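Participant: Dumping the structure here so I can ask a few things about it.
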Amino acid sequence: MKFLLVLIILYNILNSAHSAPTITAVSNGKFGVPTYITITGTGFTGTPVVTIGGQTCDPVIVANTASLQCQFSAQLAPGNSNFDVIVKVGGVPSTGGNGLFKYTPPTLSTIFPNNGRIGMILVDGPSNISGYKLNVNDSINSAMLSVTADSVSPTIYFLVPNTIAGGLLNLELIQPFGFSTIVTSKSVFSPTITSITPLAFDLTPTNVTVTGKYFGTTASVTMGSHIYTGLTVQDDGTNCHVIFTTRSVYESSNTITAKASTGVDMIYLDNQGNQQPITFTYNPPTITSTKQVNDSVEISTTNTGTDFTQISLTMGTSSPTNLVITGTNEKIVITLPHALPEGEIQFNLKAGISNVVTSTLLVTPVINSVTQAPHNGGSITISGIFLNNAHVSIVVDQNTTDIVCAPDSNGESIICPVEAGSGTINLVVTNYKNFASDPTIKTEATTSTTYTIPDTPTPTDTATPSPTPTETATPSPTPKPTSTPEETEAPSSATTLISPLSLIVIFISFVLLI
């Protein structure tokens, strides 16, 4: 009987030795995160003991002889390796579990901006995320960033410096514990302008500051068609700033655009966070005085710069295109054509894209010379400028008489009829506003001079018919008629005087007839 019991015990021992558990599959774990691992195989009986990579996987839940689960939270290194799994049943270790366990590598599910930071959500990441690093590269500048203190798995944050330009970024998430680097490219945020000051300025060089985020290390700004390049970005830790100095000329448009160091367009957000275009204005110019100097006009101004292409001159309905304009930021000199379509001219000072500032000037005729008048009447020639539509009158004994003259088209001379006489005659030449001679219109610009009539005729002083005007001035009071050639004709040189001898002959002949 005892011999039979010994045989049974030996049989069980031998049978157990031949029934060691086997492992055919093992599910992945999450690094540093308690995870139930499923082990598939055979011979999972009794109370198995499971180890993974030498670390206990516990507690063990046996579903059946072919499957069990155990909870595993150890952090095996390096995390990207394969580890052995052993299941012991009755002290007998399993077979087939070599290298079947590995961690599921962490992946990124979301990348998003967060108040100046790049936020990332890890899938299957470790509970301890403090060792993560992020290498950010904008194709020109790069920075190695650490996880911020408020990061909590699975969400991690990296604070991005303003020296990184917004736009498409190359992101390298460097993982600890031996996991591979995660590389991706994403446009997380744009270079953003929060303010530009000032946006209204004079036409003198003015420092303008552009403030925002993610400009990179250099930036460029375009005003109208002019580009300011290579501007250094100043980073105060919260915002970045770019300063450029405007030109003293009017730009072609009132828009401002800017690019980060990578060439990415900056966007401008208003106080509500809405994207808006950027526009600026010039402070309007001022005209302090206008003065005529011979054939030029001196306009004293402020805030006009040196870009005289924006200055125009209106004369009546026309705007001459061949004006000679010179000057400085405080004084503009315009040389006028000598013939004017109207007496009053208007200047338009345009501050680029700003409103036009205007000023008017009634041009005074300029007399350079007057020819001497014939003693017996005839014509005189007045030479000067701005005479093409001037009104001419003579003043004798405080009596004023308008005369109709013939101007040339160049505005440089007038031929006027004059009566016979002698002495010095006052001559008045006037430009009226709009060249109107209506006496009720008080706006006028007058210049005076004199001409002389000799007391006796000169050897060549013969009666000269008054010229027929080739051009009629605007209506004026009916001029006092001048003498006709017949009325002023001198005695004919053919008239014969009767001598005393002839008178005696005539007397004797008369006596003889009686």
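Cβ from N, Cα, C; glycine included.
Copied straight from Swiss-Prot:
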SIGNAL    1-19  signal peptide
REGION    20-453  region 'Globular'
CARBOHYD  Asn128  N-linked glycosylation site
CARBOHYD  Asn137  N-linked glycosylation site
CARBOHYD  Asn207  N-linked glycosylation site
CARBOHYD  Asn294  N-linked glycosylation site
CARBOHYD  Asn399  N-linked glycosylation site
REGION    446-494  region 'Disordered'
REPEAT    462-469  repeat '1'
REGION    462-479  region '2 X 8 AA repeats, Pro-rich'
REPEAT    472-479  repeat '2'
LIPID     Ser492  GPI-like-anchor amidated serine
Participant: Would you please pick out, from the glycosylation sites Asn128, Asn207, Asn294, Asn399, the one with the fewest other Cβ atoms within 10 Å of its Cβ?
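Facilitator: Looking at the glycosylation sites Asn128, Asn207, Asn294, Asn399, the Cβ with the fewest others within 10 Å is that of Asn399.
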Participant: Through the lens of DSSP with three states only, how would you label Asn128 (N-linked glycosylation site)?
Facilitator: coil
Participant: Considering only the glycosylation sites Asn128, Asn137, Asn294, which residue has the minimal Cα-Cα separation from Asn207 (N-linked glycosylation site)?
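Facilitator: When the Cα distances are compared, Asn137 comes out closest.
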Participant: I'd like to know the mean pLDDT over the region 'Globular' (20-453).
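Facilitator: The predicted confidence over the region 'Globular' (20-453), as a mean pLDDT, is 89.
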Participant: Report the nearest neighbour of Asn294 (N-linked glycosylation site) in space among the glycosylation sites Asn128, Asn137, Asn399, comparing Cα positions.
Facilitator: Asn399
Participant: Take the C-alpha atoms of Asn128 (N-linked glycosylation site) and Asn137 (N-linked glycosylation site) and report the distance between them in angstrom, rounded.
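Facilitator: Checking the Cα atoms of Asn128 (N-linked glycosylation site) and Asn137 (N-linked glycosylation site) gives a distance of 25 Å.
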Participant: Show which residues of the chain containing Asn137 (N-linked glycosylation site), separated from it by at least 6 in sequence, have their CB under 8 Å from its CB.
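Facilitator: Listed in sequence order: Leu169, Asn170, Glu172.
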